[in-house]
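Residues annotated as signal peptide in Swiss-Prot, with similarity to another entry given as evidence: 1-21. Annotation source Swiss-Prot lists region 'First lumenal domain' at 22-189. Annotated topological domain 'Lumenal' per Swiss-Prot: 22-371, in sequence order, evidence recorded as sequence analysis. Residues annotated as disulfide bond in Swiss-Prot: C36-C75, C150-C186, C223-C260, C328-C365. Sequence annotations record features per position, and here Swiss-Prot assigns N-linked glycosylation site to N40, N57, N79, N102, N145, N160, N178, N220, N241, N253, N297, N304 (among others) based on sequence analysis. Residues or ranges marked as region 'Disordered' by Swiss-Prot: 183-206. The region 'Hinge' feature in Swiss-Prot is assigned to 190-219. The annotation compositional bias 'Pro residues' is assigned in Swiss-Prot to 194-206. Residues or ranges marked as region 'Second lumenal domain' in Swiss-Prot: 220-371. Sequence annotations record features per position, and here Swiss-Prot assigns transmembrane segment to 372-395. For 396-407, the entry in Swiss-Prot reads topological domain 'Cytoplasmic'.
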Amino acid sequence: MAAPGAPRSLLLLLLAGLAHGASALFVVKDSNGTACIMANFSASFFTIYETGHGSKNSTFELPSSAEVLNSNSSCGRENVSEPILTIAFGSGYLLTLNFTRNATRYSVQDMYFAYNLSDTQHFLNASNKGIHSVDSSTDIKADINKTYRCLSAIQVHMGNVTVTLSDATIQAYLLNSNFSKEETRCTQDGPSPTTVPPSPSPPLVPTNPTVIKYNVTGENGTCLLASMALQMNITYMKKDNMTVTRALNISPNDTASGSCSPHVVTLTVESKNSILDLKFGMNGSSSLFFLQEVRLNMTLPDANVSSLMASNQSLRALQATVGNSYKCNTEEHIFVTKEFSLNVFSVQVQAFKVESDRFGSVEECMQDGNNMLIPIAVGGALAGLVLIVLIAYLIGRKRSHAGYQTI
């Protein structure tokens, strides 16, 4: 019969596997065996590719077999090159993080992803074949000699690919070949629990913004329907040469307008000090819509440079099939430039084709789907555990009865 402690131990193992099975530790070392980069995270990849019958989506995870590609990774050389972490998996897949630093901070300046369209496991019936690559800057950054920590999902949009890092712990330019105990928390997590701003200062992260409904109408009717809450993260240098990051909520009192055209739908939100443009586009076959550009013009009265202009025209966020609506309850963080990023909360949006001023069929974001998988997986594990304990009990009972048989 099973030992009394076995079911409890089995349950702990099952839950531990569910919580940490997807994460992996990647370490880059110099020629002396000293670690200079450490990264621990799980990753998922959302890719749009073309087939003979239009666009298709492919979603896959960073496998447990992924490992550091030492030939492409490096600790860098001072004043010559910067540290690089390259992770290899599958047949030709590469995820590369290029680091850089200044006097006070280090960052992942660029993320590069190479994928293999000849891999039929992930890209069935792809029109194009071979290795393709995309890259983008990121807002992964931390103070020197501190660990970058982010419990929230980090999304990096790279053209037709979105890379999502989860439960990330990253540090480059290591001092003692290990993660620092001091952390810099990502903006998605909010301020660090140990960070207490001076009492006269307003909090760095305000309450969540209000969900606002937007409607853009053209000559042929409604071309954009949206319900979402928006928050702008602005980093700038004040007149006293102090660098600050502020989170500013879009208010229901701000003026909203927009325009419709066959290939671009624009939503403009204007306040006293800022003009925010969100531009939606379509893919080549006009089967998908997505947020392709975010542009901000802002006046900053207390800044060294009083005006801020930021734009990114190569985004691929908030994407769904034309005629359907994109919906995501999870907060999304859209990186625009190193000075500006946009947080989107509780979003539902539909562009180009809107029937009867109502949202079409819903396409949920990957993050919401992942959140549902955890309770389902835990429930499945517990059900399996109950079955195992029941079988062990019945086997033990049968053996006990066998011991009393007449000889």
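Glycine too: its Cβ is placed from the backbone N, Cα and C atoms.
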| field | Cβ-Cβ distance under 8 Å to C186 (disulfide bond), same chain, at least six residues away | value | I140, Y148, R149, C150, S152, I154, A168
| task | Rounded to the nearest Å, what's the C-alpha distance separating C75 (disulfide bond) and N253 (N-linked glycosylation site)? Just drop the number here, would you? | result | 50
| message | Quiz question: given the glycosylation sites N40, N79, N220, N241, which has the greatest number of C-beta atoms lying within 10 angstroms of its own C-beta? | response | N40
| N57 (N-linked glycosylation site): which of the recorded positions C36, N160, C260, C365 is the nearest Cα neighbour? | N160
| Whole-number Å value for how far N160 (N-linked glycosylation site) lies from C365 (disulfide bond) (Cα to Cα) | 15
| message | On a C-alpha basis, identify the one among N220, C223, N241, N253 that is nearest to C36 (disulfide bond); the candidates are the recorded positions. | response | N241
| said: Please report the distance from the Cα of N220 (N-linked glycosylation site) to the Cα of N253 (N-linked glycosylation site), rounded to the nearest angstrom. | reply: 27
| What's the CA-CA gap between N178 (N-linked glycosylation site) and C260 (disulfide bond) in angstrom, rounded? | 53
| query | For C223 (disulfide bond), which of the recorded positions N79, N102, N241, N253, C328 has the nearest Cα in space? | reply | C328
| message | At a 10 A cut-off on CB-CB distances, which of the glycosylation sites N160, N178 has the highest count? | response | N160
| What is the pLDDT of the region 'First lumenal domain' (22-189) when averaged and given as a whole number? | 92
| said: Taking only same-chain residues 6+ apart in sequence, whose CB is under 8 Å from that of C260 (disulfide bond), what do you get? | reply: V216, T217, G218, E219, N220, C223, L224
| said: Please report the Cα separation of N160 (N-linked glycosylation site) and N102 (N-linked glycosylation site) in Å, rounded to an integer. | reply: 31
